[in-house]
Amino acid sequence: MQSTTRITTGLRGSRAGSRPWLMGAMWLVLGIYVLHLHFPGYGVGEQKETWLSLLPVWIPAVVCWLAALRTRQFRGQLSFAAAAVTCYALGASYLAAAQALHEVRPFPSPAMVGFLLFYALILACLALLVHRQRRGLPWSVVLDCTVGALGAAAVVAVILTSLLDSAVLTGSVAPTAVAAAYPVLDLLLVAAVVGIAASPELQLGRRWILLAGGLLMFAATDVAYALLVLDGSYLSGTPLDAGWAAGLTLVAVWVDARSRPDTSVNRALKGAWALIVPTVATATALGLLLVASRVNVSAAAVVLAGATLAAAAVRTQLAFRQLVRMSELRKLARTDDLTGLPNRRAFYADAPLQLAGDAAQPCALLLLDLDRFKDINDSLGHDAGDLLLRQIGSRLVVATRPEDVLARLGGDEFAVVLHGADAERAKTAANRLRAALTKPFTLEGLTIQVTASIGISVSPDHGTDVKTLLRKADIAMYKAKSAHSGHHVYVEADNVHGERRLRTLHELRLALLGGEFVLHYQPKVNLATGEVRGVEALVRWNHPDRGLLYPEAFLAIAEEAGLMHALNDVVLGLALDQAAEWRAQGHPLSVAVNLSASCLADPQLPMRIGTMLTERGLPSTALIVEITEEFLMEDCDRARAVLTGLRTIGVRISVDDFGTGYSSLAYLRDLPIDELKLDRSFIAPMRHDPRAAALVCSTIDLAHSLGLSMVAEGVEDGVIYEALARYGCDQAQGYLMSRPVAAEELDNWLTGRRRALAAVAYPSGFTDFSW
Ligand code: C2E
Ligand code: CA
Ligand code: CA
């Protein structure tokens, strides 16, 4: 029982409220009335005839009120509709009563109040309906509605030409006003209905057709009646009389349906169909104006048709402006706002068209990535980086043909699709693009040299879709970058390398966050005393799957990916932590840390290092930075700035792998350098080659003459160790003494060595060791 109640409540306002018997009765009565009008004189008495004419207008009124009272959501608009139908029914009843009493129909009669109120109330209902549908209608919708409404009004005005004219010509003022009111109100009603129908944006559901149909039928009957009356050919009791009741019945069905939830899918018309009503209205208004030049139509019709065209013109203007705005938006969405070149989105849209252009022709995709752009961004700031990208964009435009697709994919990455280009032509184009960048760029008064690496993939050999070609060009680009070859055409073998590289890169980023890097330390032995005052810190990656990795397995990738700064900070942090620990244990060892050439681009480096030392309570002598000759060669002015900054805070500077680069003596003299580390490629041959030994000897003298101390790297045997000591070399580092080892292992090694030194007290400290 309870559940039945709940179901009934749940269905309230849906099936339960529709009272099918009442709806059935409404249709039945209307049907009988129409039949009666069609076959008059079927024994229905005059009395009954009156009732039969009133029932089809009163039942809709009842249906409307029941529905309006049933719903809460739409009570306002449905009450207006119910009141409208009731007013009409009251007017009709008054007329019927007057007729039954054989009274002459007064003109204007009180019935007219009811009829006129019908229009006012139903128009109010429509207004509420539209208002509920959309608040803040866009102007385009309002204009569509206006065009539709005016067009429809113009058509009705033509039909009513004679009526409107006669109303104006009729004698007394009051009857004229009332007589003119009906056609004008019909015109308004039709205009409102068509106006609402003109915009599919007003989604009124499929039921709307009932209300529109009912009101149009009502207005049509009214107009036909008025015209017939004017013509003097109106006959009471024809099926035309049922027109009003039929219209009201449809209105009542709509009201009833509206009081129930709408489950129909509201499909708005799309594309050209959406504009069907305004288009027809405009065409009709135009036709009407043409006809008006030959035939007599009411002035109102001409005015309305003119207004329709004016509204349509405004609508067109608006549509045009919207179109321009849309195309501007589209252009904006496809443009890279920094360089003005097409962006990634545009590239993905245009490149497939180029690729598909002529299947017989090959197509090449070039992916250009600037070398060390991150350094420029980091050191000169993003504004300078942006400025550079803009200038590069302009140069690339000049270096490509108009038919090529050139785009900035993001960051410092540009892509070009060359139609009709095989690998050879792509290489020529790559050279042209790179050549376009050789002339130095000027940024904020600085002259900057920029190079780029270009990866090339060719369709159809390497793939036919943009995604595959881009991926392969990307792999080829990294190959070009690591080989410093400028450009590289993809080959299948790159893929394996490329994928491993990508994986390593991903893991590297995680490792930097996850503390997977450790340092090994290799001692530097004083050749005169045998003492160890300093160590070199060498980074290793404790890879979770691949075990301990040496620098050559990941440094180049970190450098390419611009992760060197982060790695550098990690290494510095670990090395200084260890230095602080040794100092705390009473063994103040200096730590030498390797700085990659890219660190030169970081003007903040000296300051950061200073902070790191202070935080750990370390003197600046605790740190030595090892730089390569490459570092000095890259940009002498900036190298000087960074090195001077380091020198100012008291950090010593050592030139690593000395002899392998091309640094001139002038650099050594001018730059604030403390130490040279002679590369092991000079040390190993000393044993067998007297010329090599002589070279090492004179280089040691040279260093000393410049006021620099000398460290020999890669010392692997005792003979060399002794020779170096003889030549006056300051320190030695190599496997002979110790490989790079973890800090604890180095501690053990140092302890053993101190003990041995103390026991034997040999000044040189070498011959006593049993390595
Ligand atoms: P490097 O600075 O010249 O470091 C010396 C390299 O020579 C080390 O290789 C070391 O293990 C090796 N070595 C030392 N003694 C001997 C010897 O007697 N014989 C031979 N054959 N080799 C010896 P490792 O550790 O693999 O480092 C290689 C390079 O990686 C380093 O060369 C340095 O350029 C770079 N590197 C290492 N750690 C770092 C770091 O933390 N930051 C940066 N930027 N670079 C680093
Ligand atoms: Ca080094
Ligand atoms: Ca070295």
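Glycine is no exception: its Cβ is also placed from the backbone N, Cα and C atoms.
In TrEMBL, annotation is done automatically, which means it is predicted and not curated.
Fair warning: this is a prediction, and the values are worked out from it, not measured in the lab.
Taken from TrEMBL as is:
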TRANSMEM  21-39  transmembrane segment
TRANSMEM  51-68  transmembrane segment
TRANSMEM  80-101  transmembrane segment
TRANSMEM  107-129  transmembrane segment
TRANSMEM  141-164  transmembrane segment
TRANSMEM  176-196  transmembrane segment
TRANSMEM  208-230  transmembrane segment
TRANSMEM  271-292  transmembrane segment
TRANSMEM  298-320  transmembrane segment
DOMAIN    361-495  domain 'GGDEF'
DOMAIN    501-754  domain 'EAL'
Can we call the transmembrane segment (298-320) and the transmembrane segment (208-230) in contact, meaning three or more C-beta pairs below 8 angstroms at a sequence separation of 6+?
no
Where, among 21-39, 51-68, 107-129, 141-164, 271-292, do we find the most CB pairs under 8 A to the transmembrane segment (208-230)?
141-164
Residues sitting near the transmembrane segment (271-292): Cβ under 8 Å, six or more positions beyond its termini, same chain?
144, 147-148, 150-152, 154-155, 158, 194, 197-200, 301-302, 304-306, 308-309, 312, 315
Outside the transmembrane segment (141-164), six or more residues from its ends: residues with CB under 8 Å to it:
134, 180, 183-184, 186-188, 190-199, 201-202, 219, 223, 226-227, 230, 275, 277-278, 280-282, 284-285, 288, 291, 296-298, 300-301, 304-305, 307-308, 311-312, 314-315, 318
DSSP-assigned states of the domain 'GGDEF' (361-495) in counts, ordered helix, strand, coil:
62 helix, 38 strand, 35 coil
